[in-house]
Ligand SMILES: [Zn+2]
C-alpha cells in the first residue's frame with residue numbers, strides 16, 4: 001500500500017501508517033506534509049535537519065510510554081490539521097508562514113507529555129508546575145521544550161526564517177499550543193460563536209488557527225468507529241493505571257456510565273466545535 005493512501009480522508013488510519021512507517025509515523029507524516037505543501041522549499045529547510053528535528057520530537061512523544069498522548073496522537077492531529085486546512089479551503093485564507101506554524105504546532109502540541117494531567121502537576125507541586133506557576137502547565141512545557149530544541153543547530157528547522165518571520169512563527173505556535181489546554185474549551189467556543197454572530201465579523205487569524213488545532217486535538221471521537229474504538233480501548237485500561245486519572249474513574253462511577261459510554265458522549269460534546277471553522281471558511285466539508 002502507498003504510505004499516504006487516504007491521507008485526504010477524515011478517518012485516515014494512523015495505525016496502518018504506524019505499521020508501514022515501522023514505529024515512526026510522526027516523522028513520516030511531518031516530512032510528507034511539509035513537503036507536499038511546499039514549506040520545505042519555501043522556508044529553505046535542509047532535509048537532514050528536518051529529519052533530525054522530527055526524530056527528536058517523535059522520541060519525546062515515546063519516552064514516557066504514554067498510552068494516549070504519544071506519537072500516534074500527534075500523527076493523528078497533524079493529519080487532521082492537513083484535512084481541515086486543505087479540504088475546507090482554510091489554507092487559501094492563510095499565508096505560507098501561518099500554514100507552516102499550524103503544522104509545526106500540530107506536530108509538537110503534546111511533545112514530552114508526561115501522561116498526567118495539569119491538575120496532577122499542580123496538586124503534586126511538580127517542577128513543571130512550579131516553573132509555569134500552575135498555568136497551562138503541560139501546554140507551556142510542550143511549546144517551551146520545542147523552542148529549546150530549535151536552539152540546537154542540527155535540529156533548527158527555522159534557521160532560515162527572517163527575524164520578523166521568526167517572531168510571527170513563534171507567537172503563532174505559542175498561541176496555538178497554549179489554546180489546546182482543555183480548561184479554555186468553553187471560553188474559546190463562546191468567543192468564536194459571539195464573533196461569528198456579528199454581521200461583519202473580523203476574525204483574528206491566530207485565534208482561528210488556534211481553534212482549528214483545538215478541533216484537531218479532540219477530533220478523535222468523530223473519526224470512524226473502528227479507529228476510535230481501537231484507540232479508546234487501548235487507552236481506557238491504561239488510563240486507570242495513572243494515579244491522576246483516579247478522578248476519571250470517580251466520574252464514571254458517579255455517572256453510572258462505562259468508559260465506552262463516556263467516550264460516546266464525548267462525540268456529542270465535541271460536535272459544536274466544528275461549526276466555527278465551517279462558518280469561517282463558508283464551506284460545508286465538516
Ligand atoms: Zn493532544
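Including glycine, each Cβ sits where the backbone N, Cα and C put it.
Quick caveat, the model's predicted, so the values are computed rather than measured.
The feature active site, proton donor is assigned by TrEMBL to 69. The Zn(2+) 1 binding site annotation in TrEMBL covers 73, 109, 110, 217. Annotation comment: TrEMBL describes 110 as Zn(2+) 2 binding site. Annotation comment: TrEMBL describes 1-286 as domain 'PDEase'.
Structural mapping of features recorded in TrEMBL.
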| residue | record | DSSP class |
| --- | --- | --- |
| 69 | active site, proton donor | coil |
| 109 | Zn(2+) 1 binding site | coil |
| 217 | Zn(2+) 1 binding site | helix |
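The Cβ of residue 217 (Zn(2+) 1 binding site) lies under 8 Å from the Cβ of 77, 109, 180, each of which sits 6+ residues away along the same chain.
Rounded to a whole number, the distance between the Cα atoms of residue 110 (Zn(2+) 1 binding site) and residue 69 (active site, proton donor) is 7 Å. Under a cutoff of 8 A between CB atoms, and with a sequence separation of 6+ in the same chain, the neighbours of residue 73 (Zn(2+) 1 binding site) are 61, 110.
Comparing local CB density within 10 A for the recorded positions 69, 109, 110, the maximum falls on 109. Residues 69, 74, 77, 106, 113, 180 surround the recorded Zn(2+) 1 site, their Cβ atoms falling within 8 Å of the Cβ centroid of 73, 109, 110, 217, which are themselves excluded. Averaged over the domain 'PDEase' (1-286), the predicted model reaches a pLDDT of 84.
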